Each structure stands twice: as C-alpha cells, then as structure tokens.
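Asker: What follows is a single structure, and I will ask about it in a moment.
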Amino acid sequence: MKILVCISHVPDTTSKINFTEGDTKFDTNGVQFVINPNDEFGLTRAMWFKEKQGASVDVVNVGGAETEPTLRKALAIGADGAIRVNAAATDGFFVAKQLAEVVKNGGYDLVIAGRESIDYNGGMVPGMLAELTNANFVNNCISLEIDGTNATAMREIDGGKETSSTSLPLVIAGQKGLVEESDLRIPNMRGIMMARKKPLNVVEPVDASAETTAVKFEKPAPKGAVKLVDADNIDELVNLLHNEAKVI
Amino acid sequence: MSVLVYTESEQGKFKKAAFEVASYAKEVANQLGTTVTAVAINADNTAELGNYGVDKVLHVSADSLKDFNAKAYASTLHQAVEKENAKVVIISSSADSKTIAPILAVNLKAGYASNVVAAPTSTSPFTVKRTAFTNKAFNMTEINSDVKIVGVSNNAFGLVENSGDAAAEDFSPNLDDSLFGVKVDSVDKVTGKVTIADAEVVVSAGRGLKGPENWGMIEELADVLGAATACSKPVSDLGWRPHGEHVGQTGKPVASNLYIAIGISGAIQHLAGINASKVKVVINTDPEAPFFKAADYGVVGDAFEVVPQLIEKLKEFKANNA
Ligand SMILES: Cc1cc2nc3c(=O)[nH]c(=O)nc-3n(C[C@H](O)[C@H](O)[C@H](O)COP(=O)(O)OP(=O)(O)OC[C@H]3O[C@@H](n4cnc5c(N)ncnc54)[C@H](O)[C@@H]3O)c2cc1C
C-alpha cells in the first residue's frame, strides 16, 4: 500500500498571532512552526500501517523552502520520502489541485490529511482532493482499518460517531482519536540522522488558480475586565447572567 | 439566480443551523436583490423554512439518501444549483455540511469560504469575514469564482425571522451508483442530548474536578441549563470523559451563547477553541488562572462548593421564572 500524508506547516499552538504589511500578512517573526496537530495524528496512523501491515509512506507539503524543516521532522518520525510542491499555499482549492497532481503521479492508494490546519482553518483540502482524484472520502476520521483494498472508518458526527465501509483509493481527514495521544512520536537522534539521507523532492506547481483571496486580517476587539462574583453570593451570578448578560 | 441554501435535517426535523443558514441566505438575497431557494433532503415540514425568508423549497425524498453520503448529497446540491442557476450557495458548519462543501466546490469550480461569521461586507467583490487561527483572528476573504460557497459558523449570524412562501417543489436528483463508495454501517449517537455544536449553553469542566466520579454535578448543572457538556483535553486524554467532549484548538470548536468553565485553567489552546462563545463564566480556585483574563464573569472558589450552590440557585430561578 502506498500512503501519502499531507503535512501542513503551522504556527505552534502557543504562538502570538500578529499581522504585518497593513494587516495583510501573518507575522512569522519569532514564531515556531510545527506539523499541524491533525496531520500528526494521521502521520502516526500511517506509521502504524507501515510497521504492522507493510506500506510505504510519503509526506507532502505545498509551500516555500521555509517548510522543509517540518517535512524533515516528518521524515525523522519515520516517513520514507518527502515531496514539496514549490508554491505559496494561496487558498485551499489551489493546494488541493497541487496535491491531486502529486497523488496522480505517485499512484497513492491512501491519502491521509488533517481535518483542518490550525492556521487558516479552511477544512476543505481533504474533501477537494478526494473529489479531484475520484477517491472515496471520510472526514473527521477517528478510526481507520485497512484490509486489502477494503477499509472501515469511523468519523465523528455532531453528537456521536458513524462507522462506514469503503475501499481504496481513499482520502481521510484525520483528527484527535485516530491514534492515542500517547502514540505520538518525538523524533529521536537516529531518526533525525536518517532523515537527512531520505529524499526530499521539490516539484514545481501545475498551473492552477486560487478561487479565494485573503485580503485582510484583524484581531478580536480587546475584552473588558472580568466581573468577579463572591463565592458566597451565587444569587448575584444568576442575576447577572439573567439581567445583564441575558443568556439565561 | 436565486441564492441556494442547504437546510439540514435529522430524522425529518430541521436542525437549528438550518434556520440560521436560511436567515443568512435571506440577507444575501436581499443584498443581491433576489430570492432564496432551499434544498431539503428527507425533511417533513418544509413550510417552517418560510419563517426565515425562504421563497422556494426543493424537496428531495429519497431512500438512497437516508444515510449521509457526502458525494450523493453534494451531487444533489450541484444539480439544484444548476436547476436554479444559483450563483451563491449557503451551507452550515455542521459535521455533514463541512464534508459536503469541499466536494461541491470542486463540482462547481467554486471558491468556498468556511467559518464565516457575518453577512457579506460587499457583494462585488464578494467579501466575507471568517475566523482564522482558531478564533485568534478574523480574515476578510474575497471569493472570486463565478459560483460562491459560504459556510456559516454556528451561532454567529443568529436566527432572523422573515416571511417567505416556502413553496415546496419535488426534486429528484439523478444519483449514480458510483457516488455511493462509502456505506454507513452504523451510527452511534446519544439521542435526546444537546450536542456541543447546537447548544446555546455549554458546561465544561477540567482537571480541577479531580476524577470522573465527580461529573455528576456537572451533568446536573448542564441538565438544569439545558446545556451540552464539554471538557478540556487532558480530561479526555485521561479517559475521564469521551473524546467527543474535548473542546479547544485540537478538539471541537464552541460558539455558544454561554460557556461555563469549571476547574479549567484557560490554556491558550483551550481558549482558542471556545473564544467565539459570547459570554464566558469561570469557576476556579486559583485567582491567577489565565481563564479569568478571558472570562466575562468569574467566581474564585472551589467547584465542589460553588457548583452545587449554582445548581440550587438556578433551580430557584427557573421555578420563579417558569
Ligand atoms: C498542541 C496542543 C494542543 C492542545 N489542544 C488543547 C485543546 O484543544 N483543548 C484543551 O482544553 N487543551 C488543549 N491543550 C492542552 C492545554 O495546553 C492545557 O494543558 C489544558 O487545557 C489544561 O486542561 P485543564 O485546564 O483541565 O487542566 P489544568 O491546567 O491542570 O487546570 C486545572 C485547573 O483547575 C483548577 N482547580 C483545581 N481544583 C479546583 C477546584 N476544586 N475547584 C475549582 N477549580 C479547581 C486549578 O486552579 C487549575 O486552574 C493542548 C496542548 C497542546 C500542546
């Protein structure tokens, strides 16, 4: 089985979010970048398939050269090879079209992406990629088993879970639950050394247009100070929630 | 040229989000000077949509669509868009709608903006405000394609009553077998419980509760408020509560009217996911807990004393206001 894991290169969850150039660009100054957490769950599941069922695992990112350390980290965790499509990830549709090309050229059976990236939260690349490559699609995936070309997947729905049967080729959008938190791997020294020798191929983008443009960013308005209520005066809390906040 | 809206239902009944997206669609239709057409799949009372400004309902009844199927639902919407020659499609942020939208976008070669929190600020260029960086920022996005898809965040636009005819018309999409590559085997869902996505009030508890055996009072509080229950990440990692209750940056997003955080410190990853909630209350023993900086109301106190009191006071309040 050939697996492709889509890796988004995102600011660490503790990053301060600021913008530059008249609020048109994310300010990367002092920001640490990591593998998107939803993609890390997927990469970990891919490693499981590789070790337990035999599979090759490539990772891919659409982005500039600055994303290569993130791809190297995925190689250090255990992926066999990496591909970087050399283009700025302008919008979800554009990224999906680039990934579709990689999937077609590489003949992948299973593509594992993340539910959403934690920077732009588009949540559209996996579904678009599935449709562009004519693959089956399971979103919000919290469990995946593969047997030959058959697959059983569970997805989180509003208020519960749904189990379905499907087959390869398949694209899933993974999230927490796909693997146990304790199964996530931190690259070790040997992995890091080996990653340096693994292939990281840079390919040029295909001609494709973006359908949306992020024109400006703004930060939420600063919040007023908290109103403290004494622990012996819970009546007052109920009163405030009813008369002032009007939420009960 | 009408604005098309997908109004989601469950077991024949429209979800609250369906009325919210209908309200949003009406606003867009007003801006564009056109009408609203809804697509309803296996829904019973399509006339209800008239209360939110829907002029026409394409009513689909199909056994093959009893179970959710992303491609077949997307294809249904695609055919409805073509029939109506719609240029704008409005969809909710439910788990199912977020699965349909990207597929529909490819079918229609349409730009899709998700997590949109307000009516378009302009229709030419078509510009919407969406959240980004998991609620740490907003992002003005232009959709440049001929057909545009707008995914509206839950509880952001709200319900706006309006009157429309909601004239129902049977609609039978052509659904090829090849669309059904994913087959639902089973659905495991607690019925009769408010989901985090739909809830107006969410009661959430963290590691401060010490152990799973102490969740009785959290459930009781949620019960009194008609709220959904949620938890912080370590609580679900420890197995105290199911993963489905985990909220925050790597869990579910929350955009309720009221969010009550009990024994939750307010780490940046937690706050990112719940910040879209309108009113936040924190109950925590530690006055230095970061949650106090993000909350509207706070009680510095022990959850084991404060929560039972709050339950009592809310019961009294309900009795007096019944
Ligand atoms: C990549 C990444 C992603 C993450 N994503 C998420 C996420 O999506 N959601 C999330 O929640 N976390 C997330 N986290 C974890 C986050 O950083 C915090 O560790 C977590 O939110 C803390 O949970 P907590 O508040 O329940 O526990 P703690 O931080 O341990 O806080 C417990 C609180 O309870 C209070 N307390 C103790 N006893 C009582 C009492 N008797 N009465 C009242 N209060 C009491 C304490 O004062 C303390 O403030 C993520 C972390 C990382 C690194």
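In case you wondered, yes, glycine gets a Cβ from its N, Cα and C as well.
Got these off TrEMBL a minute ago, pasting:
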- B:3-184: domain 'Electron transfer flavoprotein alpha/beta-subunit N-terminal' (DOMAIN)
- B:R207, B:G263, B:I264, B:S265, B:G266, B:A267, B:I268, B:Q269, B:H270, B:N284: FAD binding site (BINDING)
Asker: Any idea what DSSP makes of B:G266 (FAD binding site), helix, strand or coil?
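Answerer: Once the DSSP labels are grouped into three classes, B:G266 (FAD binding site) ends up as coil.
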Asker: Based on Cβ atoms within 10 Å, give me the single least packed residue among the binding-site residues B:R207, B:H270.
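Answerer: Counting other Cβ atoms within 10 Å of each of the binding-site residues B:R207, B:H270, the minimum falls on B:R207.
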Asker: What binding-site residues from B:R207, B:I264, B:G266, B:I268, B:H270 have a chain A Cβ less than 8 Å from their own Cβ?
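Answerer: Filtering B:R207, B:I264, B:G266, B:I268, B:H270 for a Cβ under 8 Å from chain A leaves B:I268.
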Asker: For ligand 1, list the binding-site residues among B:I264, B:G266, B:I268, B:H270 whose CB atom is within a distance below 6 Å of it, in sequence order.
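Answerer: So the answer is B:I264, B:H270.
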Asker: If you count other Cβ atoms within 10 Å of each one's Cβ, which of the binding-site residues B:I264, B:I268 has the most?
Answerer: B:I264
Asker: Return the count of C-beta atoms lying within 10 angstroms of the C-beta of B:G266 (FAD binding site), excluding that atom itself.
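Answerer: So the Cβ neighbour count for B:G266 (FAD binding site) comes to 21.
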Asker: So what's the average pLDDT for the domain 'Electron transfer flavoprotein alpha/beta-subunit N-terminal' (B:3-184)?
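Answerer: Averaged over the domain 'Electron transfer flavoprotein alpha/beta-subunit N-terminal' (B:3-184), the predicted model reaches a pLDDT of 97.
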Asker: Helix, strand or coil by DSSP: which one applies to B:R207 (FAD binding site)?
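Answerer: For B:R207 (FAD binding site) - judged by DSSP and reduced to three states - the answer is helix.
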Asker: Mind computing the max CA-CA distance among B:R207, B:G263, B:I264, B:S265, B:G266, B:A267, B:I268, B:Q269, B:H270, B:N284, which the record assigns to FAD binding, rounded to whole Å?
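Answerer: Max span of the FAD binding residues, Cα based, is 18 Å.
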